[in-house]
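Swiss-Prot annotations:
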type: MOD_RES; residues: S9; note: phosphoserine
type: MOTIF; residues: 201-205; note: motif 'Selectivity filter part_1'
type: BINDING; residues: S202, F512, Y600; note: chloride binding site
type: DOMAIN; residues: 629-693; note: domain 'CBS 1'
type: DOMAIN; residues: 739-797; note: domain 'CBS 2'
type: MOD_RES; residues: S799; note: phosphoserine
Amino acid sequence: MANVSKKVSWSGRDRDDEEGAPLLRRTGQPDEETPLLNGAGPGARQSHSALFRIGQMNNVELDDELLDPEVDPPHTFPKEIPHNEKLLSLKYESLDYDNSENQLFLEEERRINHTAFRTVEIKRWVICALIGILTGLVACFIDIVVENLAGLKYRVIKDNIDKFTEKGGLSFSLLLWATLNSAFVLVGSVIVAFIEPVAAGSGIPQIKCFLNGVKIPHVVRLKTLVIKVSGVILSVVGGLAVGKEGPMIHSGSVIAAGISQGRSTSLKRDFKIFEYFRRDTEKRDFVSAGAAAGVSAAFGAPVGGVLFSLEEGASFWNQFLTWRIFFASMISTFTLNFVLSIYHGNMWDLSSPGLINFGRFDSEKMAYTIHEIPVFIAMGVVGGILGAVFNALNYWLTMFRIRYIHRPCLQVIEAMLVAAVTATVAFVLIYSSRDCQPLQGSSMSYPLQLFCADGEYNSMAAAFFNTPEKSVVSLFHDPPGSYNPMTLGLFTLVYFFLACWTYGLTVSAGVFIPSLLIGAAWGRLFGISLSYLTGAAIWADPGKYALMGAAAQLGGIVRMTLSLTVIMMEATSNVTYGFPIMLVLMTAKIVGDVFIEGLYDMHIQLQSVPFLHWEAPVTSHSLTAREVMSTPVTCLRRREKVGIIVDVLSDTASNHNGFPVVEDVGDTQPARLQGLILRSQLIVLLKHKVFVERSNMGLVQRRLRLKDFRDAYPRFPPIQSIHVSQDERECTMDLSEFMNPSPYTVPQEASLPRVFKLFRALGLRHLVVVDNHNQVVGLVTRKDLARYRLGKGGLEELSLAQT
C-alpha cells in the first residue's frame with residue numbers, strides 16, 4: 001500500500017472564500033477528512049502545502065508539523081530540498097489533446113463539406129511529404145558538414161603525429177588533439193548552455209514527453225532546431241563519445257511542428273496556410289511523423305521509424321496516422337539517399353539510405369545455427385547487465401550534475417574537460433598499443449602507423465581515431481584477426497565509461513552510436529573468445545557477434561525491442577538475423593528491467609516530468625477519484641464578471657488552466673456543472689474585449705471565430721499584458737459560446753485505474769469529478785495521476801515540487 005504523506009491541492013494551497021465568493025465559486029469539501037491508504041486517522045493528515053524548490057535556495061512552504069514554533073512564517077526562510085526521482089515538478093503544463101467542442105468548433109465542422117474534408121486530408125499528406133523532405137535535407141547537411149570537418153581535423157592530427165613520431169615530441173600531438181576537441185566542444189556547449197538548454201542531449205526524452213501530452217518549454221521551436229543541428233555537428237567533430245543519429249529524432253519533430261503550423265512564431269512570419277492544423281491535437285500527429293522521419297533518416301529504416309514512433313513516442317495512434325507516418329519516413333530516406341548520392345558523385349546510385357550504413361551482412365558467409373541461439377541469449381543477458389550498470393552510473397552522475405553543476409559556465413567547463421580527457425585517453429591507448437595490422441583490407445580512413453612497421457597500422461586507432469559511425473562499421477566488417485582481444489577489451493572498458501560520462505553533458509548528442517560501438521567491441525571479443533575456446537567453424541566470423549553485441553548493449557541501455565529489431569534488420573539489409581536480434585533485445589530488456597529503468601525513462605523521472613505510462617500502477621485499485629482529485633476547484637458562472645475572471649487568471653499562486661463552468665443560480669443553491677473553459681480561451685476573450693456592460697445585458701457581445709484563437713496559438717499572451725480598465729472590470733462576459741459544454745466527468749467512487757485509463761486514452765488535460773447531483777467536487781489533472789507510481793515497496797506517492 002502507498003504511504004500517502006501529502007495531499008497537494010490543485011491550486012497549491014487551501015484558501016478560504018474571499019470577498020466576492022458568490023461570483024467566484026470554489027467547490028469541493030476541504031473540511032471533510034480524506035481516507036488515507038495506510039489507515040492513518042485524521043490526526044495524521046498533513047497540510048496541503050508542499051511546494052519546494054529543487055537545487056536552489058528559495059522560499060518554500062513546509063508542512064505545519066515541520067515548522068519551528070519560534071520562527072516566523074516559512075515564506076521568509078529558504079530551504080534547499082535535495083533533488084531525487086520521487087519529486088514531481090509543478091512547472092510542467094499539459095497540452096490540449098482533446099478538442100474543445102464548443103459552439104464555434106461545431107459550427108466550423110458543420111460547414112466542412114466532403115470537398116473541404118478531402119482538401120484537409122490532401123494537406124495532411126502534403127505536410128508529411130514536406131516533413132520527410134526537410135528532415136532528409138537536415139540529415140544530409142549534418143552528415144556532409146561532419147564528414148568534412150572531422151576529416152580535416154583527423155588529417156591535421158595524423159600529419160602531426162606522423163611528423164613527430166620520427167623526430168620525437170608526440171606530447172605536442174596530444175596537446176593539439178585535446179585542444180581541437182575542446183575548441184569544437186566549447187562552441188557546441190556554449191550555444192546549448194546559454195542560448196537553448198532544451199537542445200541538450202538526444203532530445204528523445206523530451207519528444208516522448210511532448211507526445212505524451214506534457215508541454216516542454218521551447219522543445220519544438222525553430223531556435224531549438226538551429227542549436228540542435230549546430231550542436232550535434234560540433235559534438236561529433238569534437239571527438240566526444242556521442243552519435244548524430246539520436247538528435248535527428250528531435251530535429252525531425254521540430255521540423256514537423258513548424259511545417260504543420262504554416263508559420264514561424266520565432267521569425268514572426270505567417271504564411272496563411274495550414275491554419276486548420278493550429279491546435280495541439282493536429283501538431284501531436286505531425287510530430288509523431290517527424291520523429292519517425294528522423295529515425296528513418298538516421299538509420300535508413302522507414303519501417304523502424306514507424307515502429308519507433310509507436311513504441312517510444314506516440315501515445316495516441318490510429319490507422320490513418322500509420323500510413324502518413326510511413327509515408328513521411330519513406331520520403332525522408334529517399335531524400336537523404338538521393339542527395340548523398342549526388343554529393344558522392346553517384347547521382348543514380350541510391351546507396352546511402354541513412355546517416356549510418358552498417359554494411360551488408362552476407363547470410364551465406366555469416367550464417368548461424370540453432371546451437372548458437374543459447375549463445376545469443378547469453379549475450380542478451382550480458383547486454384542487459386552492462387546496460388543496467390551504464391544507467392545506474394549515469395543516474396548518479398546526473399544527480400551530481402543537478403545538484404552541483406547547474407550553472408551554465410560550469411556545464412561548459414565540464415564539457416570541455418570531457419573532450420580533453422577523451423582525446424588524452426584515446427592518445428594514451430593508441431600510443432601504448434602494439435597491436436599492428438596490415439593495411440591491406442583495412443577500412444580505416446585515417447590509418448595511424450606510429451611505431452608499427454611500414455605497411456601496417458595501429459588497430460587501436462581504428463576504434464578511436466575515427467568517427468563513431470565508421471568505427472562501428474569497422475568492428476562489424478573488418479576481417480578476422482583485425483583486432484586482438486586485449487585491444488577490444490581495453491577499448492570496451494574505456495569507451496564504456498567515457499560514453500557514460502558524456503551522456504548528460506550540456507551538448508547536443510545521442511547515445512545510439514556509442515551504445516552500438518561498445519556492444520560491437522565486446523561482441524567481437526565474445527566471438528573471438530568462443531573461437532579460441534571451441535575451435536569450431538561456426539564461431540569463425542566475429543562480425544556476427546559484433547552485431548549481436550551491439551544490439552544487446554543498445555537494448556540494455558534504452559530498452560527498445562520491436563522498433564530496434566526492425567531498425568537493425570533494415571540497417572544491415574539482412575532479415576536472416578531478425579530472430580536472434582529479437583531474442584537478444586528481449587533478453588537484454590528483461591534482465592535490465594530487473595535492476596533499473598531504461599535510460600530515457602530514467603531521465604524523464606529525473607526531470608520530475610508528470611509522464612503518464614500506458615497503464616495505472618497495478619496495485620492502485622484501492623484508490624478512488626475522491627482520493628486523488630484536487631480540491632478546492634475554482635469555478636466560473638456562465639455569465640461572469642470580467643473583474644472576477646481577471647483576478648482568477650492573475651492569481652499566480654494557483655495558475656489554474658481549466659475552469660468548470662456552472663449554472664447561474666442563487667448563492668444558497670448548489671451549482672451544477674455546465675461546461676469547462678480553458679485559461680487560453682479566456683485570455684483570447686479578454687484580449688478581444690468580448691464582453692458587455694452589465695447595464696446593457698440585452699446587447700450582443702462581439703463575435704469571435706476559431707481563427708482568432710488559432711492566431712493566438714501556441715504562444716497565448718500572459719494576463720499581465722492585457723489591459724482591463726476599471727469600467728471594463730464591471731462588464732459581463734458570456735461564456736456559453738466558448739466553453740466546452742460536454743467535458744468528460746467521473747463520479748467520486750471511480751477507481752484510479754478507471755480514471756487513469758479514461759484520462760490517458762483520450763489525451764485529456766482536465767477530468768471533472770462530480771457527485772450524484774452533477775455538482776463539481778474536484779478536478780483530476782495530469783499531476784494528480786502521475787504522482788502515483790509503483791515503487792519497490794508498493795504503491796508510492798510523489799511529492800509535488802516547484803522547480
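Glycine is treated like the rest: Cβ placed from N, Cα and C.
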Three-state composition of the motif 'Selectivity filter part_1' (201-205), taking helix and strand from DSSP: 2 helix, 1 strand, 2 coil
Proximal but sequence-remote residues of the same chain as Y600 (chloride binding site) (Cβ under 8 Å, at least 6 apart): I204, P205, K208, E312, V558
Binding residues S202, F512, Y600 (chloride) - maximum C-alpha distance in whole Å: 12
Rounded Cα separation (Å) that holds between S202 (chloride binding site) and S799 (phosphoserine): 28
Among S202, S799, the most crowded of the recorded positions [Cβ within 10 Å]: S202
DSSP state at F512 (chloride binding site), helix/strand/coil: helix
Integer Cα-Cα distance in angstrom, F512 (chloride binding site) to S799 (phosphoserine): 33
Mapped DSSP class for Y600 (chloride binding site), helix or strand or coil: helix
Average model confidence [pLDDT] within the motif 'Selectivity filter part_1' (201-205): 92
Number of other Cβ atoms within 10 Å of the Cβ of F512 (chloride binding site) across all protein chains: 29
DSSP-derived class (H/G/I helix, E/B strand, else coil) of S799 (phosphoserine): strand
Environment of S202, F512, Y600, the listed chloride site - residues of the same chain whose CB lies within 8 A of the CB centroid: G201, I204, P205, G246, I249, G510, V511, V558, L599
The domain 'CBS 1' (629-693): DSSP-derived helix, strand, coil residue counts: 18 helix, 22 strand, 25 coil
